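What TrEMBL says about this one:
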- 65-209: domain 'Glutamine amidotransferase' (DOMAIN)
- Cys140: active site, for GATase activity (ACT_SITE)
- Cys140: L-glutamine binding site (BINDING)
- His280: active site, for GATase activity (ACT_SITE)
- Glu282: active site, for GATase activity (ACT_SITE)
- Asp323: active site (ACT_SITE)
- Gly410, Asn546: substrate binding site (BINDING)
- Asp481: active site (ACT_SITE)
Amino acid sequence: MEAAAGITSAPQFPKASSYSSFSSAYSAGSHSLCSLQFNPLKFKHSRTLAIRASVSTADDSVVTLLDYGAGNVRSLRNAIRFLGFNIKDVQTPEDILNAKRLIFPGVGAFAPAMDVLNKTGMGEALCSYIEQDRPFLGICLGLQLLFESSEENGPVKGLGLIPGIVGRFDSSNGIRVPHIGWNAIQITRESQILDDIGSRHVYFVHSYRNASNLLHLFSLLLCNIFVQFPFLFPSPLNWPISFHILQSDDNTEWVSSTCNYGDNFIASIRRGNVHAVQFHPEKSGDVGLSVLRRFLNPKSEMTKKPAQGKASKLAKRVIACLDVRTNDKGDLVVTKGDQYDVREHTKENEVRNLGKPVDLAGQYYKDGADEVSFLNITGFRDFPLGDLPMLQVLRHASENVFVPLTVGGGIRDFTDANGRYYSSLEVAAEYFRSGADKISIGSDAVYAAEEYLKTKVKSGKSSLEQISRVYGNQAVVVSIDPRRVYLKDPKDVEFKSTRVTNPGPNGEQYAWYQCTVNGGREGRQIGAYELAKAVEELGAGEILLNCIDCDGQGKGFDIDLVKLISDAVSIPVIASSGAGAVEHFSEVFSKTNASAALAAGIFHREEVPIQSVKEHLLHEGIEVRM
């Protein structure tokens, strides 16, 4: 990918594995991978690598990082450096074989990742390294790639080091997919790197996993049928359910912990010096840092900590949001709107200034926020890659904030003043490389949904579709900005309406929620319900649900709206706009299916501490990360 002028990116593989080849691998190479004729029941990984590792003289403080050029690896780099270690990037297969300790932070989708590993020779080197029982830590996709194959756009061959097939979570049993958030794990055998976790939550974000014993055999059988009789399965992407494997007799010796989400799946593996985890230690706060520390320095004098916390299931998330924009002096500040109006009602009419973005993000991390979200509220009119201060905010915040970071604003195709065209993939890639874990799309998702509902055809060209295809839908949030429109009769409009708890100004009993674009300035003829359903089909992994009417009012979330949308989709929904007291959080979690609740002003003005919100939720019997 051609980077924007003046913007540096993370070290990359040689040209064959640069970001441009990675993204093209999905659109071209990955589909050829899907059609490979292989028999999962008889799958064996070949070993033809002729490279020999030289004697390593690496410093004990050096960690070798296998970064194949996709997604946010900056956060892991920052975590490693935070723990006092230096990083050597893999440039050639020999770098893998000469590594003293190797971390593989897999991000993105399975097929293009395997395509990059195969084209660069890294796959063979990685297998050779692991088979020699040398210190290895795989993270998320870095765990999944160790298995035989994946159903993600597949079947697609994996590295074949561990028996089993990676399958998609089944949302038909009521769980929300992707699996996003802080969940508990059950440690099944001594793992060393997990010793400090105890009964505390760790952070997961994924749609695919390794899951259930009986389903293991059934999945293998189906994959064989698929290969032998492909005409029976014209569209594997549209299968109503997915089939998975968990602990089978073939892989039980590898499994060190499991997690329950709908059913049990593999949360981590260990055999000898080889470790891999499905969760993200670099995004799991102090608990996650302990996992990295124990892997990087296994011989250090660390006594096993007693189990702390009461983690038992997926926790509800409390998210701190920072609306960021430049003020009239050109400084980047955190502001907060009153029904999206961010200017003070004074003679000067200045932009409301509530603090510096990096400082506030760091404070919210210390206060216990489960995620931090940056919204560039002028991004709909500004060129994001020209907004170097915003990129710097992400880079600096990710140095000391080890929970997920989301950034939104202006993520779309763009042509700058010099006529240079930037695709939405390039814009998103720069955000990811600068430290974002998820990107939030607003107006551009509305336009994509309108076109999809009009044509009934997925063009594959929208920013939403392109980014979710390359990075996975778990990396894409769609921000919906609706305004309440009261109705006397729900038949008055073609859009989905709902009975409201509080009648309108003229006693109206119903309302529909009209979506807006351009920072709430322009209404569109599409409802929040229709938009949510459409963007889920187009590849969104999560919905950030705002409400212009409630914004800045401090009277609580729009429960009617949140319930309408969270009941309509199977992806996680974040409730936003209106929080003014701790009771508003317990209300939205007890009355709707929201997975998370977001607030801004009450945290910025220190009216309600994050810890007070969590203590209240815990008191009300709602699981949270403490």
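Every residue, even glycine, has its Cβ placed from backbone N, Cα and C.
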Other C-beta atoms within 10 angstroms of the C-beta of Gly410 (substrate binding site) total 26
Filtered by Cβ under 8 Å and at least 6 apart in sequence, the residues in the chain of Glu282 (active site, for GATase activity) near it are Ser75, Leu76, Asn78, Ala79, Pro105, Ile139, Gly288, Leu289, Leu292, Phe402
Near Asp481 (active site) (Cα-Cα within 10 Å), the recorded positions in question, chosen from Cys140, His280, Asp323, Gly410, are none
Among the recorded positions listed as Cys140, Asp323, Gly410, Asn546, within 10 angstroms of His280 (active site, for GATase activity) by C-alpha we get Cys140
One should report the C-alpha separation between Asn546 (substrate binding site) and Asp323 (active site), rounded to whole angstrom, as 13
Checked against DSSP, the composition of the domain 'Glutamine amidotransferase' (65-209) is 42 helix, 42 strand, 61 coil
Restricted to the domain 'Glutamine amidotransferase' (65-209), the mean pLDDT of the model is 94
Taking only the CA atoms, the spacing between Asp323 (active site) and Cys140 (active site, for GATase activity), expressed in whole angstrom, is 30
